[in-house]
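Okay, structure first, notes after.
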């Protein structure tokens, strides 16, 4: 029921639109005029002003001028709204003898569509002279011809019309004839020779006169012909046609040399005066090219093929002349019968080769059809191919507009081949087809889409700058600039992450690069969003998450926390000579900034003053004695230990320990390690010597107090478990150190409590929580391992 109501409403709207459109096109045509032979590009009219429009409106509404002639003689200047001539106009070529010569044209406007009619009157100029078909005219006159007798001569032809056309004839001065200007049945002027006095063949058998044809131009043009007058013997009967005028119909499809009809004339005279010959009289060039007549039989035949669309009928003047020179006139009316010999013509007046998608009811082309045949042969039906979203709408006379039926979608189909078919109703039917290709232009209605919603990329630390770590990819189903994708880094949520100093992206292909060497110890991973934006208008974009995971490399050598290696004087460990085997001398504490197995440390004793006296535990760095000490053992020992990790390649660091053997803690002399002597202190050495001697005397008094204090400490330590002489960091040590300054600086401060056991009855010093200064590790280049340290 809803479809019926919709169809009923459509049937009501369509006649209303048709009447509205019809009112637009049925306006009185505007006439302009121009002289023939006017140069191309000449001004004809200010068309915009005449239509009541501005020049800008003409350009905006895609104004076009189409003439009914096969050639387009006009050019519309859209900027000024002026109508100009495309080429020089020749009135005689365009209209022939038709006067006035009027060219019809139409002006088409779009948005909304309007049609205006115009006419251009081509005014004739005197650019053609009269011409006789023959330069010499032969006239035979009987000698008994009476004064006042008239003789019709062949007319001259002037292609100009009106006052510029043929106006009169004159003849050279003579005493026998004068000439009159007469009009024939078609309105053409022809000369008529009038006899003034009687002729005498014996006195003068031939006369030669100059016949002049003049037109009415200013100045007038002329043409001449020689008239030869032969004075003949008496012949008192002229031939007469049996039937005049003759009427005949000929199919336009008749081949050349086909017979049209046979005319017949008779003469009452006998002999030579009664013998009749036939010919065409005052025939134009077109008739002479189309028909021929047999001089003896009077049979008229075709010389060329007929064209109904060009000429529908011919009026042929014929002449029968006897042997005495007398002639009779007749006429033949030849009607050309139309056959369906012209296929319909199809002209694309306006074509839009590209139609934007999603645009409703867009005009694609304006089509003009024409059939040169007449009647049923000239009636036409226009249609387009099926299953395309286009419809054909009749607009004005034989004009149609091809419009989109519904919005198009370029992503589903980007091109349509539309076949326009025009058929006439003749027998047999003739058909013309024309195929146009319509491209669907893209609009930016699809955002880029990533192939993945998130990407995870792995990169080893210490990578080379500008290292390609991965590629993201997005696609856009649009085309052209709408599908050209530009990739970019989006601002990170974590404002502390200097993303643009870490990662760069190739805007064209989505390749991601690490701008600088990454450090796993400083940054184990990060994530950010990348955007893909097309170049449409407006721009559409999408984003995807990228996770970058930094993989650890063994790029950090173990770092020794204890004993300190940057002190001005090396740390010396005291070992009682009474120490038992397995006595804990000290513990080497080291860390590795790497992670995993790269941070698994092992310890090894490389070199010792007494190779068999000390050993180091491989997993905890504890340095212990392996045997009892003897008097032959040197009092001072130097141990070189190696700390290495479990990475690949393996990195290591060395540490030097100084061990001093003491017989209890009362030994007054503790040899110091060799220190480079400062020359600046040479002057103070003597003073220092005296001070030491003075203090030695006081020391003997102080020594007793110290021994008592040590005894108390040893009794207290005997009750506690043996802790050995290790240097134990207070609190929990992290598995690796974090480089927070991006320059390899260990900024944390570590505190150690050096505990001395009371084993073997010897006392030891206790260093109360010294604060380890900040350690600066110099970067030795992009080496996988660092095996030496420089401390400040």
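Glycine is no exception: its Cβ is also placed from the backbone N, Cα and C atoms.
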Write down the single range among 663-686, 687-710, 711-734 that appears in TrEMBL as transmembrane segment.
687-710
If I count Cβ-Cβ pairs under 8 A between the domain 'Cadherin' (26-132) and each of 242-346, 347-450, 451-560, 575-675, which range comes out on top?
347-450
Taking DSSP states H, G and I as helix and E and B as strand, how many residues of the domain 'Cadherin' (575-675) are helix, strand and coil?
4 helix, 43 strand, 54 coil
DSSP helix/strand/coil residue counts for the domain 'Cadherin' (347-450)
4 helix, 57 strand, 43 coil
